[in-house]
Amino acid sequence: MLLATLLFINGARFVGSMPSAGTPENITVMFLSPTAVKVSWTTSIEHVEKYDVTYKPTDASYRVVAVVAGNSNSVTLSGLLADTQYQITVTAVRDGKKFKSRPIVFRTLEPPRTNEVQMTPPGVRSGGQRGVPPLTNMPPTYIQVRGVEVAIVVLVLMVWVAAIILFFNRWGKIRMLLPYQPDYKDTQLKVPGTGACSGNNACQSQTAGTFCCSQGCCLLDHCFKYS
């Protein structure tokens, strides 16, 4: 009795693992790039309306369905994540019936690694090989000026201009407050013989040491004699 039960369970498991007639088989995944693959399959039924290719990352909660025409047996899947494990199934639809294949698991390729190039001056050998000369066509580096720095410089210039204008304005008002001082003019002396001195000039004093202004010129209350 126990042996019969085991045989029944194993038989049921074997039947359940076998795909039903008409389901897509021989599913092949061809890697085109780290983010794209080409999936192809075969089927034994004819007049298939369409194929639903369902794929998703194994640890994701969403899935993507690509609809393929019934007369095609391959599809290119792009936009995949690099170095990620995916699960894919192909379902054939005919007369409203679906024939679903077993899930296929694959892993996309790793992204390409960037090669590090060691730059050495010309003529210097490293490891028995001549170093790569430096690139001469590299674009020049430009200095980036931020808007805040420009605003600060413009503000400082405006403050300096305002200070200069205020200084000249104040200086004009200060000069207006100063008292008026006429220009100094030298006193012009009268030269004898020009008519400014009169021959009738009288002596201002007859004391000793004085003389008459008959031949001189009087200036204020003093007389001067010219020889």
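Cβ atoms here come from the backbone N, Cα and C positions, even for glycine.
Unlike curated records, TrEMBL annotations are generated automatically.
Sequence annotations record features per position, and here TrEMBL assigns domain 'Fibronectin type-III' to 23-111.
The signal peptide annotation in TrEMBL covers 1-17.
Under the heading transmembrane segment, TrEMBL lists 150-168.
Within the same chain, no residue sitting at least 6 positions outside the transmembrane segment (150-168) brings its C-beta atom closer than 8 Å to a C-beta of that stretch. Mean pLDDT across the domain 'Fibronectin type-III' (23-111) comes to 93 in this model. Residue counts for the domain 'Fibronectin type-III' (23-111) under DSSP, split into helix (H, G, I), strand (E, B) and coil, are 0 helix, 53 strand, 36 coil.
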